[in-house]
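Taken from TrEMBL, the feature domain 'Major facilitator superfamily (MFS) profile' covers 118-555. Residues annotated as transmembrane segment in TrEMBL: 176-195, 207-225, 237-258, 265-287, 293-312, 383-402, 414-435, 442-461, 473-491, 503-525, 531-550. Annotated region 'Disordered' per TrEMBL: 607-647, in sequence order. Annotation source TrEMBL lists compositional bias 'Basic and acidic residues' at 611-631.
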Amino acid sequence: MSDIVDSDGDEYDELSELRQRHKPESQPSVDEAFDLDDLLPTIGEFGRYQKLLVFGICLPACIPCGFCAFNQLFMADTPDDYWCRIPELLDLPLEQRKSLAIPKEVDNDELVYSKCYTYGVNWTQLLESGEEDDLTTMEPNSSWPLVKCSQGWEYNTSIVWSSIVIDFDLVCDQDIYPTIGLAALNTGGPVGVYLFGLLNDRAGRRLSYFICLATLLAGSLMTSLSKDFWTWAGSRVVVGLTIPAVYQIPFIISLELVGENYRSFVTVMTCTFYTSGIMLLSAVTYLERDWVRLSYITSLPFYAYFLYMFVMPESPRWLLMRGRLEEALKILERMAMVNGRQFPEAVHLKLEAQIRRDKLKKQKKKVANVGLMDLCRTPNMRLKTILITLSWFANETVYLGLSYYGPSLGTNQYVSFFLSAVVELPSYLCCWYFMDTWGRRWPLSLSMILGGVACVITVMLPDDAVDETLVLYLISKALLSASFLIIYPFAGELYPTQVRGIGIGASSYIGGLGLIVIPFVTYLGKDNLKLPLVIMGFVSMLGGMTGLRLPETLHHRLPQTIEEGEEFGKNWQFKDCCSCAQKPDVLSQPASYENLDVLAGSSNNASEVELEMRDSRRVREPTPRIDERTPLDTTASGSGRPIHRPSMKRLVRQMSVMDTQRTHDGTMQLTHWI
C-alpha cells in the first residue's frame, strides 16, 4: 500500500513525470477531474503573486467602501443650535434679534431659545412704526402669536459650519430627511449586490469591478454637485449600489487565488483594512468640515484605482468555469513563474487536452434542481433556516446601527467614531481564535447576548454619565464586531452544500432589510439618547438566544444534501446548549469534511467544463518512481484504469474559512455582507 506524502515543499519531479507519460497505463487521462485548490500547493498557495494581489489590490479596495459608506454621517451633521431666520432683523446684533424674535421654551429643565418657532408679527411694519432706539429696549409681547419658521434658519457654525442640513435647511419638520438619506444609501446595497453579482458571473470579475468603481465615483460626483436634498438622496442610492460590492469583487478574486489554508487570514486582513479605512475617515472628517470638499476628498483619490486595469488579473477559476481555458492557463503559469515554482507538465497537458476537447463539443453540467422552498419543506431544516435568518438579521442590523450611532455619543463625535472603529481590531483576532477552540455557536451567542446587555444597561446610568455610556457602547460594539465575523461562516456550515448559496443569499438579503430600518431607530436618539441603544440591545440578545438552538459545526462532518441537512442537529436536546465544540475524533487530522461532489451535480464525468486539479499530493511507491496520483486514483487489479465509483466522495477539510457564497460549480458570488 502506498504512503501519502506531503509534497508542498518538494520540487516537481520532471524526470518521473516524463517516464510516466511514456507509459500508456500511467498516462493521465483527459477524463480525470482535478481541482484548482489542489494545484495551488504546487504553484504556491500564498506566494509572491498572491501577496502582491492581496496587499496591492484587495486590501486597498476596502478603503473606498468604508469611506463612502460612512462619510454621509458627517455630510448630514446637524449643528447643536439653530433658530428661525428673520430677514428684517439681520442688521441687528445676534443676541438682540434672538431675544426679540425667538420665544423661549423649556428643554431638559433649562429655558432655551426655540429652534422651530418665532413670533408671528409683521416685522417690517413694526420697524417702520418705531425708532431705532426703541428696538434696543423692546421686549417681546406675550400676546404675540407663535408660528413655525417659514424663511429658513440661522445656525451656530462654531463646530459644524457646513453640511447638507445647513444648506438644505433639514431641521424641525424636515429633521428626518438625513435619516431618509441614510436609508436610501442602504436601499441600494441589496439591489447592487444582485446586479453586480449577475455581471460578476457573466462578464467576469475584472470588468464588473471597474464598472462598480465607476458607478461609485459617479455617485460620489453627483453627491458633490447636488443642489437640493432629493438629488443628494438619489446620488446616495447610486453610491449604495456599490456597497459592499466594490470591495467584495477583488476580495473574491483574492480568495479564489489563495490556498484554503490562507483564506481565513485574507478575510481577517480584509476586515482589518476595512476598519482601518474607517479610522482614517475619522481623521479626514475632523480635518475637513466642508461637506462638498469632504465628498471630493473621499472619492477623487480612488480614480487612481483604474490603474489596476493594467495589473489586476481575471479569476482563473471563473475562466475555467466559462470554458476560457487558454486564458486561465496563462494566468496560472504566470502565477507559478512569479512564485518561483515549476508549473506541473501533467496539468499543462490536461488543460491542453481539455481545450481541444471543448472545441469539439460542449457538455452541460447536470445540476440538482433545488430552490429556496427546499429549505422549508422539512421541519428541522425549516427551523434552522428561520434561526439562522433571525440571527443574521439581528447581527447585521445591530452592528451597523451601532456604527451609525457612534458619533452621537461622548463629548467629541470624531473621537467617538474613531474609538468605535478601533475596538473592532482586537475583536477580530479574538474571535478568530475562539472560533477554532470553542466552536461557532457559543462565541456567536455569547458575544451577541453580552453585547446586547451592555447596550441595555446604559438605561440605568444618569443622563450626565457621558463617559460611562460611551464605554458600554464600545464594549457592545467590540462584541458585535466579533459576532459579525462568525455569523457568515457559521451559516455556511449549517446550510447543506446542495443549497448553501441559496440559503446564505436568502439570509443575507433578509438581514439587509434591517439596514433600511436601523437609521430610523437611531433617529429616535434625538429625543432620548439611550433609547436606540436599548432597542438594539434587546434585538441583539434575541438574536444571540436564537443562535443557542443551532447545532455546533466545529469538528462535525458538514451536511451535503438536503436530506443530510435535515438529519444534522435533528436530535438536539436542551443540554446541548451547555456544551462547546466536541473534541475531534482523530487528533492528528480533524474529522470534519465536506463533499464537493454535490456542488458539481450528480455526474462524476470529468469531461465537464469545471477543471479540478488533483495533482498536489503524490503517492510514493517503494520504487524511486514518483506516482503523481491520489490514493483514489490507484489502479485496480493492474488494469491501468483509475477506480471511479459513485460512492467515492471528494472530501476537503473543514476550516474556519470565511468565504463568500458559491454556486454549484464552486465559483464565489457576491452577497450582502458588509
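For all residues, glycine too, the Cβ spot is worked out from N, Cα and C.
TrEMBL does not curate its annotations; it predicts them automatically.
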TODO: Report yes or no: does the transmembrane segment (503-525) come within contact of the transmembrane segment (293-312), defined as 3 or more CB pairs under 8 Å with a sequence separation of 6 or more?
DONE: no
Task: Maximum Cβ pairs under 8 Å to the transmembrane segment (473-491) - stretch from the list 176-195, 265-287, 293-312, 414-435, 531-550 - done: 414-435
Task: Ranked first among 176-195, 265-287, 293-312 for CB pairs under 8 angstroms with the transmembrane segment (237-258) - done: 176-195
TODO: With the transmembrane segment (265-287) as the reference, find which of 176-195, 293-312, 414-435, 531-550 contributes the most Cβ pairs under 8 Å.
DONE: 414-435
Open item on the list: For the transmembrane segment (383-402), give me same-chain residues lying six or more residues beyond its boundaries with a C-beta closer than 8 angstroms to one of its C-beta atoms, as numbers and ranges.
Closed with: 186, 375-376, 420, 444, 448, 451-452, 455, 473, 476-477, 480-481, 483-484, 487, 491, 494-495, 503, 506-508, 510-515, 517-518, 521-522, 532, 536, 539-540, 542-544, 546-547, 549-551, 565, 569, 673-674
Task: Overall pLDDT of the domain 'Major facilitator superfamily (MFS) profile' (118-555), taken as the mean - done: 86
